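Notes to accompany the following structure.
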């Protein structure tokens, strides 16, 4: 939806780094700041001009509000008893609480609550992010569609059919930017180790990854095919790829990296449900 046409008020409970990035992108794409209220006792000023700031939940909420939960997961037990009595049919709750399942949210906020669970990543601030989205059968399908349209300006919105996959997808998309940043840094570090100036190596590594990513998006071919097209037999690229590919160690390392992130997500989920 064009966000300048959004007729729902938006209440953001907590506005840290990720929720703040989402809000900034929404405002950039036309959301009227007068429709936004942020509840955050830790803030001394609103996150943007025209946005209202409260230190505590209001006495009542608009009946058609979009309510984003951007608090820390460990704060949910304190916030839920205050929020639950204010909720009504027609409101949409969008949660970015890591490790808190839809069932856990519904147990805290009320069984009839319409809840959409998302996991965005940091590039949402540029409209180039990924939002994994899950809603169970108890959430109104029309409200899920509306939430997806609301999230569209952030980048790709990917619906998940089974919440059991949420941690694995989060390991790929939520943690993925940090993994890519580390790879860029490693490219630059390797070039510096072999003799390039550090600043020059950093610029070249960044530009190389930016260009390769753009080409991969537009090419319409799998990245593996693109890599092989660049790697002429007996050439420099093939020689380097052979080092990466030897014994499958590169793929094995990335699999272990993603497994570790996924397993930590599952551990956090267990801790949240036990708490």
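These residue numbers are counts, starting from 1, taken along the chain as shown.
Backbone N, Cα and C atoms are what each Cβ position is placed from, and that goes for glycine too.
Taken straight from TrEMBL:
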BINDING   13, 14, 15, 16, 17, 18  NADP(+) binding site
DOMAIN    12-99  domain 'Pyrroline-5-carboxylate reductase catalytic N-terminal'
DOMAIN    163-268  domain 'Pyrroline-5-carboxylate reductase dimerisation'
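On the 0 to 100 pLDDT scale, the domain 'Pyrroline-5-carboxylate reductase dimerisation' (163-268) averages 96 in the predicted structure. The secondary structure of residue 14 (NADP(+) binding site), as reduced to three states from DSSP, is coil rather than helix or strand. For residue 14 (NADP(+) binding site), the same-chain residues lying six or more positions away in sequence with a CB closer than 8 A to its CB are 39, 40, 69, 70, 71, 72, 75.
For the binding-site residues 13, 15, 18, the greatest number of Cβ atoms within 10 Å around a candidate Cβ is found at 15. Cβ crowding, taken as the number of other Cβ atoms within 10 Å, peaks at 16 among the binding-site residues 16, 17. Under DSSP, the residues of the domain 'Pyrroline-5-carboxylate reductase dimerisation' (163-268) split into helix, strand and coil as follows: 93 helix, 0 strand, 13 coil. Cβ atoms within 8 Å of the centroid of the Cβ atoms of 13, 14, 15, 16, 17, 18 (the NADP(+) site) belong to the same-chain residues 12, 19, 20, 40, 70, 71, 96, site residues excluded.
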